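Per Swiss-Prot, the feature signal peptide maps to 1-22. Residues or ranges marked as region '67 X 5 AA approximate tandem repeats of P-P-[IV]-[EY]-K' in Swiss-Prot: 32-366. Here Swiss-Prot flags 37-41 as repeat '2'. Look at Swiss-Prot and you will find 49-317, 339-371 tagged as region 'Disordered'. According to Swiss-Prot, the feature repeat '7' maps to 62-66. Marked as repeat '9' by Swiss-Prot: 72-76. The repeat '24' annotation in Swiss-Prot covers 147-151. Look at Swiss-Prot and you will find 177-181 tagged as repeat '30'. Residues or ranges marked as repeat '32' by Swiss-Prot: 187-191. The repeat '33' annotation in Swiss-Prot covers 192-196. As annotated by Swiss-Prot, repeat '34' applies to 197-201. Feature annotation from Swiss-Prot assigns repeat '38' to 217-221. Look at Swiss-Prot and you will find 262-266 tagged as repeat '47'. According to Swiss-Prot, the repeat '51' annotation covers 282-286. According to Swiss-Prot, the feature repeat '57' maps to 312-316.
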Amino acid sequence: MASSNLLVLLLFALFAIPRGLANYDKPPVYQPPVYKPPVEKPPVYKPPVEKPPVYKPPVEKPPVYKPPVEKPPVYKPPVEKPPVYKPPVEKPPVYKPPVEKPPVYKPPVEKPPVYKPPVEKPPVYKPPVEKPPVYKPPVEKPPVYKPPVEKPPVYKPPVEKPPVYKPPVEKPPVYKPPVEKPPVYKPPVEKPPVYKPPVEKPPVYKPPVEKPPVYKPPVEKPPVYKPPVEKPPIYKPPVEKPPVYKPPVEKPPVYKPPVEKPPIYKPPVEKPPVYKPPVEKPPVYKPPVEKPPVYKPPVEKPPVYKPPVEKPPVYKPPVYKPPVYKPPVEKPPVYKPPVYKPPVEKPPVYKPPVYKPPVEKPPVYGPPHHP
């Protein structure tokens, strides 16, 4: 005990003496305790713990005693079955060959033609395939001589083929009067093949609908006249025609069937009222009829758990109904004389013996009986 007390005193002296030897010239500055207000932590929201309903085993109600209803025995007179006639002849198992039924002819059911509404496919726009211009050398193919009398060059009768309609605003249709314009006489000697560069003139896209088919009567077309004398065609320098501006073909609007999109459910976002100044723009008045009612999803209230009221099982004492005693009506048994049905002598159905080849099923031979 003494040694332990000394050790405690020494340890106390080691910690207390340095603090006791304080500097009296500079007394320690008293620092009042700083008041720290308690940090008010917001209450942590703990969602209500939805306690699962306590499983209470179903109260086992005692079985209601139902006294057995004593039904009087129903009198069933004994059915006197006539003796079944069993012929003593042991009929061998009748082999019924597989009846090959002919295929039952089922007349083709004439289904009425299912009406399929014509699918209105929008006209598929096929961009004009830029085919490179097929260069035909002028020597091999001389210019086709078209006699001016029989068939004027590019004679477009006003009835058979109307002039190509070009929008009058952008470019009026070039009207070539068939009467006033004489056939351009191109001497066959100095006429070179007119080379139309494919770059300067884009391929003319003529929609098949707007342009009626050019009717070329086969009778009026004279045979191609090939002059025997190969006269050199007159060389005309290529006139640099400005690129013919053809207005963009107004493509018919591609009919896209209205895709029946399901109504996009937008949850009612509680938007703040949009402030629209009355001077710049008055608030758009939307009649209440056109505006659908703002769908507010029903607040899913947790189901109020009402513990099942444990009603004590109503004990209904078994009503003892005395069995209704019905005295047995002594009905005399209806005597039915035994109806004698003579045994119907059915002639044995003759079935031709089916030949069974030994390959399919060899005959079963029993052991030889030795007397």
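Using the three backbone atoms N, Cα and C, a Cβ is placed for every residue, glycine included.
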Per the Cβ under 8 Å criterion, with at least 6 residues separating them from its ends, the repeat '32' (187-191) contacts 143, 145, 227, 231-236
Do any residues of this chain, six or more beyond the ends of the repeat '57' (312-316), have a C-beta under 8 angstroms from a C-beta of it, and if so which? 59, 61-62, 64
The correct DSSP tally for the repeat '33' (192-196) reads 0 helix, 0 strand, 5 coil
Other same-chain positions with a Cβ less than 8 Å from the repeat '9' (72-76) and lying at least 6 residues past its termini are 326, 328, 331
Across the repeat '33' (192-196), the model's average pLDDT, rounded to a whole number, is 74
